[in-house]
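Chemist: Once you've had a glance at the structure underneath, I'll fire off some questions.
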């Protein structure tokens with residue numbers, strides 16, 4: 001099963017395309033979509049949509065997983081992330097692809113076995129589970145890969161820990 005994981009943001013949206021076969025995970029492609037702060041919000045969202053659609057068309061994921069919005073003290077930041085999440089979900093829906101959402105706690109639990117794991121622990125496990133030579137950068141990319149792994153894990157194991 002090919003899964004597209006997305007860590008949404010208006011400045012940087014990380015994406016990770018992962019193939020899941022049983023408990024094995026293979027990275028197909030990963031990277032980030034960047035939009036400049038000098039652009040208007042509507043143009044940034046349009047560029048994100050186009051970028052996500054390019055990834056969907058090229059890699060044809062069966063499912064899309066998006067990280068849920070966590071509580072943020074900065075309402076502006078939370079709103080911007082919410083816009084980016086909506087764009088990611090719209091791109092998937094327009095492509096007829098099921099979307100699943102996961103909290104940061106669920107992602108950490110699935111990838112490390114501990115829901116309160118530090119970011120570095122999650123990144124290390126992404127590197128290990130995908131047999132990568134180094135941790136993907138920026139952080140948004142590693143986060144997107146973690147979301148894809150989380151979805152593969154929850155889909156096949158109904159939320160149990162990785163073995």
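Count begins at 1; order follows the chain as displayed.
Any Cβ shown, glycine's included, is placed from N, Cα and C.
Please treat TrEMBL annotations as automatic predictions, because they have not gone through curation.
For reference, TrEMBL lists these features for the protein:
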BINDING   7, 140  Mg(2+) 1 binding site
ACT_SITE  7  active site
BINDING   67  Mg(2+) 2 binding site
ACT_SITE  67  active site
ACT_SITE  140  active site
Chemist: Determine, from DSSP, whether residue 140 (Mg(2+) 1 binding site) sits in helix, strand or coil.
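Modeler: For residue 140 (Mg(2+) 1 binding site) - judged by DSSP and reduced to three states - the answer is helix.
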Chemist: Roughly how many Å separate the Cα of residue 140 (Mg(2+) 1 binding site) from that of the residue listed as 'Mg(2+) 2 binding site', to the nearest whole number?
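Modeler: The separation of the Cα atoms works out to 11 Å.
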Chemist: Considering the binding-site residues 7, 67, which residue's Cβ sits among the greatest number of other Cβ atoms within 10 Å?
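Modeler: Its Cβ has the most other Cβ atoms within 10 Å: 7.
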Chemist: Using all protein chains in view, find how many other C-beta atoms are within 10 Å of the C-beta of residue 140 (Mg(2+) 1 binding site).
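Modeler: Cβ-Cβ neighbours of residue 140 (Mg(2+) 1 binding site) within 10 Å number 24.
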